[in-house]
Ligand code: DAS
């Protein structure tokens, strides 16, 4: 008799525990982590190797298993989309990733999406997603400057923060976000500005906020068009037009500009000196590129500030576009997206003002 009642009591307790676990899980948001590689998935030979290591070694399930604290934040599952260092990602990879993000965002049982990514081109992916994925749900791109095997590795906390933000209702409608070094950055504004410190990601317009111990502290919101307000939709984009970059510097020759201009590209971003200045000896070469039907976009190699139209060069006269505050690599992303719809330079300039 006693054994039966003990068994019944055990079964009742087990059922209660199971019910509360299910209730707890149902109460938590559902977050998907799309892994692409990078240092956050990197591994070094020893704990002192904070800069010498192999990127893209650790799988997404191992990243999640290494962070049990996530279970208190959200129901998390992972997908390994790629396993590469981000400098090696291609435009096709970008399309594949963005289409996967868009498909998941449409699922009613998904509340937020995190993308783990190498830091080298993280800013380009984050900008591309904010331009093309139509969702108000939080999408957070995250990386790390040190591999998980290193002393004071930053990846675990960056990832914990990313999942927290992706699980937060107050992160909705703010465009694609980046969580690095306790800050919540706008995917449009942020760039990797220091190549060997954990405080690597900066925006000249400042972060949108901070995340400390799992709580978001917001201080501003984006004003440029993004996600739901974007006229570009990844679900209608099948290919990206080729756009390349030529840098300006003392002693520059027209070799790169001439070669790129004849390579079949649709636009050439010029990363000029100062306020997007162009050496006088290569102005005719850029004019020829334009005359051959390639859009010319003046950006600057100077990280901060923005290029003024008709200041350093008569853009109206040359029919050139200015990249506003976008660095060359981001100007290229916007040019590719914009030219899926138009090659009209007046329309392109509007787009560079608005996004
Ligand atoms: N090679 C770098 C990358 O994958 C490593 C990193 O910093 O994430 O972007």
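Every residue, even glycine, has its Cβ placed from backbone N, Cα and C.
Where the annotation comes from TrEMBL, it is an automatic prediction and has not been curated.
Record check: TrEMBL places 119, 120 at the substrate site, and the matching candidate among 86, 88, 152 is 86.
Per-site Cβ counts within 10 Å over the recorded positions 39, 86, 119 peak at 39. Looking at residue 120 (substrate binding site) and residue 39 (active site), their Cα atoms lie 10 Å from each other. Secondary structure counts, DSSP: the domain 'Asparaginase/glutaminase C-terminal' (243-352) has 42 helix, 21 strand, 47 coil. When the Cα positions of 86, 119, 120 are compared pair by pair, the longest gap among these substrate-binding residues is 7 Å.
All protein chains shown were included, and the count of other CB atoms within 10 Å of the CB of residue 120 (substrate binding site) stands at 18.
Between the CA atoms of residue 86 (substrate binding site) and residue 39 (active site) there is a gap of 9 Å. Listed in sequence order, the residues 38, 39, 85, 87, 117, 118, 121, 122, 143, 192 complete the 8 Å Cβ shell around the substrate site centroid, once 86, 119, 120 themselves are left out.
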